[in-house]
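Asks: In case it helps, TrEMBL gives these features for our protein:
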- 120-334: domain 'TLC' (DOMAIN)
- 17-50: region 'Disordered' (REGION)
- 70-87: transmembrane segment (TRANSMEM)
- 176-194: transmembrane segment (TRANSMEM)
- 201-221: transmembrane segment (TRANSMEM)
- 258-281: transmembrane segment (TRANSMEM)
- 302-323: transmembrane segment (TRANSMEM)
Amino acid sequence: MFGFAVRILASRIHPSAATQGVDEPSNRTRKVDASLPSPPPSGLQRAAAMPSSLPPINWEEESYPTYPDFAAIPFFAVFFFAVRFLLDRFVFEWLARRLIFKKGDEKFGPTTYAGKRKIRKFKESAWKCVYFLSGELLALSVTYNEPWFRTTRNFWVGPGDQVWPDQKIKFKLKVVYMYVAGFYTYSIFALLFWETRRSDFGISMTHHVATVFLIALSYIFRFARVGSVVLAIHDATDVFLEIGKISKYSGHELLADVSFLVFVCSWVLLRLIYYPFWILWSTSYEVVLTLDKEKHKFEGPIYYYVFNSLLFSLLVLHIYWWVLMYRMLVKQIQSRGHIGDDIRSDSEGEEEHED
């Protein structure tokens, strides 16, 4: 499904790519001795004679973002649903039972209500950890060697004479965008019908919906370079959060404490310092210095204000969650270093649903 989604995206760049066969043999090569039987073709010959219906993907090819590219998002969403279903049934369930429960523990076993609830929360965190780690590695592999990864001004200029918003993006960056958009599209439905209902359900839903809109608009408005760095700094912090949750659920308190502290530090550095003072500063100020105001007098301001409004709303959510983390950190200090419940506490009296 992942490969199919990538091919869908590639077909938008090369819509005329069609099935092509091998060259027809010349008349000279067709002439064979009729008295001698032709030998059966070998496996390599049969493979060579097959039409090359799937041209190789050029990951470095640049093109402008278009609306038809979004056709790949539903396939990525289905891909995430299928992967999570398989991991839940055949990996996370087994891993949760092995790490959480001890032999002879009948009061808190896997068949009790509390036990099932803890398994469900463990599987949710394990799944999110897998995604955030994969998303972080994918984003870093695509952006790390780009000039705009370290210099924010390069968000808006280059390569060559390209100046925002007249900038093309590489195919591999398009894949990153569709990958993340597919995950958050899936996450909206998972939050409604799959995952444990928590007290910050409304905030989480707002985050997922805003993220999908932010990804879509930044793609069309050609803010993809900025967006890829924003994705990288967000996924980096979430990896440590989910590791801490998994450790807490499985009883590894020391690892949970360390993971939570690393998570808090990375949150402050990446989301409360680097994000507003580097990313938002660039999207608010540096872009104005490079924009051709005469050429883009109409769409330029629209792109600027809409996208920055969404980016600043994301900062508001960062501050909200930081308040929750600060309260959790105070509780941790008061309990002598032991993390209590999940940062996002489960809602009271919420009817649990089965996977």
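Including glycine, each Cβ sits where the backbone N, Cα and C put it.
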Asks: Which residues, given as numbers and ranges, are at least 6 beyond the ends of the transmembrane segment (258-281) yet have a Cβ under 8 Å from it?
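Replies: Tertiary neighbours of the transmembrane segment (258-281) are 152, 226, 229-230, 233-234, 236-237, 240-241, 243-244, 247, 308, 311-312, 315, 318-319, 321-322, 325, 328-329, 332, 339.
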Asks: If you average pLDDT over the domain 'TLC' (120-334), what do you get?
Replies: 89
